[in-house]
Structures are given as structure tokens and as C-alpha cells.
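Annotated features in TrEMBL:
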TRANSMEM  34-57  transmembrane segment
TRANSMEM  69-87  transmembrane segment
TRANSMEM  99-121  transmembrane segment
TRANSMEM  133-150  transmembrane segment
TRANSMEM  157-174  transmembrane segment
TRANSMEM  186-212  transmembrane segment
TRANSMEM  233-252  transmembrane segment
TRANSMEM  308-331  transmembrane segment
TRANSMEM  409-434  transmembrane segment
Amino acid sequence: MRKERRVVVLEAAHRHSASYTDPDDELVNKTAAFAFFFLPFFLSSFVGDILNLQVYYPWEFLSSSPCRTAVFPLLTSGFAYWVLKALQRLDVCSPCVSSYSLLVAPRLLLTVFSFVLDYSVHRLAPLWGADPWAALLLLAGSYVTLVFYTRPFTNTLEGFLFAFLLVLVCSRTPGSSCTKPKCSSLIGVVVAAGFFNRPTFLAFALMPLLYWAGLNTGSQRSIKTLINPFLKLITCACFTAVVFIAADTVYFTSVGLDGLFSSTNSSLLDVIAQLNHRAVLTPFNFLCYNLDSRNLAQHGSHPRVTHFIVNGVMLFGILHLLAINAAFQMLKKYIRRLMRVGWCSNRGSPRLSVHSEGQSMLLLFYFVPLALLSLFSHQEPRFLIPLILPLVLFGASHNRAVKWKTIIIIFNVLGAFLFGCLHQAGLIPCLFHLEHVVHSLQSSDHPRHYTLLFAHTYMPPRSLLNIEKKDTYVEVIDMAGSKEDTLCQVIGQHTNNRTCSDCHFWVIIPGTVRAAISKCSVLLKNETLIFPHLSMEDPPQLSFLFSENWRSQLGLYILQIGTAQQSL
């Protein structure tokens, strides 16, 4: 079973590598990695640029507004790119660095990390009354695992850390024999690391920490043994936070050890004062930005129930609905017992059975983070992907999901096809094609200039063009979802440029808005159709899907536009 799971995930990492699920996190993860690579001890100086490629720097990674830690991107994508560069220097492969390898290398690394989920499910399932193999089958068959957990999202790392935290805190379940809680120090490290990866990790960690605290309190008989685990947790969490702060400070301010221990800093207090003055607290900046509703509105505002009604169903399907039904049933049962016993009865407060108490904890692990994340107006489906672990444990317990296996299979096949094969799927092959075109034409002695204009697509990852920083002959313009008039105006400005003697201009646009280019009155020299490509922002009309040109509606066009200089 586990071997089959690995084969499925590895194949998915390759076959679905063309899909482009979310631009924000992938660009953030790759940007830092392309820029620098930390040594294992983050306070040491930088190794320097790894691949020396042109990349787009999101605002979160600018030194003026650092909101994301650089540690995890550099340890994931950065490590993968460092390996590629090392292999190329050793002449193991030539060329090792290409658009395909730049895309696949970090995804393969994340695929290896995804086995953390396998281990966590296999370890936790017996503790919560679930069959390990049934839980693993639910996990392996979920399109969330196949698509999202093989991509370098911070949400993916959040899921790994959440799974690791559950393994650490769930040493026993309610009703089992008393076991002394362990791993307090490691729990502190995981919580602090998760907080710096995404401050929203505290929403996922809240119930596991309360559960661990309850187990710890019930197993200790003296004040000293009661306090020690909490002191270890807090101490290790603070130490981990200091390491992250120091690493981010070095990355965003370029402060090296030589600068800290210079002659002007004669004492340790001077060094501490300088660090305190220049310290970069990325989680604090992240929270300050996201707690402002005006900032969230720029990324899109959603109703507070979007996670509960839409995103949960979109990601987990029937498992989400089963969890909702079980939560309501359990809540009704508890209220009935409460009313039967009475608020002031000598019989005490109503208690659930051991089975119900264990299941209620799994539901709390799922619904409490979902409720806390729903407090924010910006709600994307990927924010919920760490919740797959408690959900598959709940679904596999007492064979809840067995009767729905047909629906689960169909749902995940459709989800994998939509988000793994169709959604923005033409953008990555388009960049592969443009990389080949640009590098093949540039091999000639005559200098050329290339302008690539993207419209109505996700933000293109410029790194996949494999252009070195010193080369300025490629210009990438991202028009996002610009209106037709604005698009034609920008195209006209570039095509009417008579100062460039050998300029090449391409427009990349989905087939659903291809007609807009025809209205711009430009000279079309060549066009290439990349199939398939589905833009949810500009979806095709159903009537066109049943016409002869249905492929054009599910494709991405690469249009080479003639310039004024070429038309002379």
C-alpha cells in the first residue's frame, strides 16, 4: 500500500507538473531560493547567488516590507537549486539547470517530504480508532495530497509541521493507559517554526497544545514535574524564534558577523543593541498587514462562511460533509444529556463516552482551525490543506468513508484532473517553449530584444525562462486581467517602437479572450496554441465547448506580433 502511494505521488509530481495552482506562494518560495542559500548555521555569511537568474521579487520579500521568513524557502527550494548547481559544476549533467529542472526539483523534494503525512497517519490511526491502511488509502487518494502537497507552498510546510505536532502531542488517547508526555522541547521547536513559516499556524496548533497540556497535567503528581515540560517548551520555542529572527535579519538587512563584531561594537551589549535595532520580525509584519481589512481587500474579500461552505467542500468533498454531520449529531447528543442531567444536578456534568470523546477531539482538531481562519475576510482553499490529516483519521475511523467510496473516488479524480491538469496548465509549457525560443535565437551573433506580454493569466514565474541577471534582452510584462482598451494601448506602444532594430514581441493570452487581440489592429506573424489551459477567471462558455473550435477555448495562445520596424 505504501509503495503504491509513493508511486502515485511521484507520478503525480511529474504528470501534473504543468498545472499552476497559486502564484503567490510558489513565487515567494522560489524567489528567496534563487537569490541566496543559507548555510546550516544561519548566522554565518551567505554563500552568494546560487543560480544567478532573473526573478520577480514579491513585495513580501523586499527589505522594505519583509513579511515572510526566508528560512523555509531556502531550506526547500534553495536546497534543490543548490544541488542542481553542484551537479552542473561537476559535469554530472549538461545542462542541469533548465526550465524543467527548475520546476521539478523543488517539487520532487516536497514529494519526499510528503511521506511525513504517511508516517503521521500510520502512527496516529490506531490511537484514534482508525484502520491505518484505510486512512492511508484516503490520504493517498486525495487530490489535495497529489496536487498541493507536491508543490512548494508555505501551506504545504504548514501541513507537514501540523502533522508532526499531532504525532508529538498524541502520545495517548482518552481512556488509554496513562503515559508520561514527552518531546516538550521538540514541540516548542515545531510551534515556533510553524509560527515563523505562517503565523496562522497558531490556529492549527491551539487544540493540539491544549490537548497536550491536559495530558501533561493529568500525568504529573508534583508541581516540579508539572512545570518542567512547559518550561522546556517555552525555552525551546524562544530559542527557535531567536534563530529565525537572526536568520531573517541577516537575509533582509545583509548584516554579517563582520559587521556585528566590528571595532565600533566593543562589547556584547553593543552587539545586542545593534541586533535589536535591526531585528526583522517577519511574523509581526505579517500580522500587522493581514489584520488590516483594507490590505486583505486588495487580495480579495470573501464572506466569513467561505471556508465552511465552499472551500471545505472543494478540497475534501464528502469527508467535510461527514465531519459537519458528525459534529452536529455529537453536539445534539451532548445538549440532550446536559438538559437531562440539569445544570446543578448532583450527578455532575454530562460526559461523553470514551469513543465519543476521542472522535470529538478529532473534530476539534479540524473545526477549531477552520473557525479561526474564517475570522479573516481573505479565504483561499489552500489555507485549509493542513486539515487533511485529522479529516482522514476521522473518515477512516469506524469505516465512515467506506459506504461513500464511489463518490470519494469520482470526486478526487475530477479534482486531480481540474487542478492538476487543467487549471492554468498552459502557462508552464508556454514558459518552456519561450525559454527554448529565446535561447535558440539569442545564440546568434546579432543582438535581439524580446518582449513577453502576459494577459489574463496567473503571474508567470520568470525564473523558468532561465535568463541570467546580467542579460537584459528579455522584458516580461504582466498585464494580469487588464481591460481590452488598456491591453491594446500597451500592445500598440510596443509594436510602434521604431527605435529597436531587431525586437521580437509576443503576447500570451487565453483562448477565451483571444478575440481581444484581433481588435488591436496588429500584424500577427505567428501563433502557437498550448493545450490544455483553463482560466477560472475567464472561463469558456459551454456553447463554445461543443463547437468545432472547442480546443481554442481550452488553450493558451502564444502570439508573435510584428513591430513597426519589421513592417518597413
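Each Cβ is built from the backbone N, Cα and C atoms, and glycine gets one as well.
Beyond the transmembrane segment (409-434), the same-chain residues lying 6 or more positions past its ends with a Cβ under 8 Å from any Cβ of the stretch are 12, 15-21, 99-100, 103, 141-144, 146-147, 317-318, 452, 457-458, 460-461, 464-465, 506, 508, 510, 528, 530-536, 554-556, 558. Between the transmembrane segment (186-212) and the transmembrane segment (69-87) there are at least 3 Cβ pairs closer than 8 Å, counting only pairs 6 or more residues apart in sequence, which means the two stretches are in contact. For the transmembrane segment (308-331), the residues of the chain that approach it from at least six positions outside its boundaries are 138, 142, 144, 352, 356, 359-360, 363, 366-367, 370, 374, 379-381, 383-385, 387-388, 391-392, 394-395, 400-401, 404, 407-408, 411-412, 415, judged by C-beta separation under 8 angstroms.
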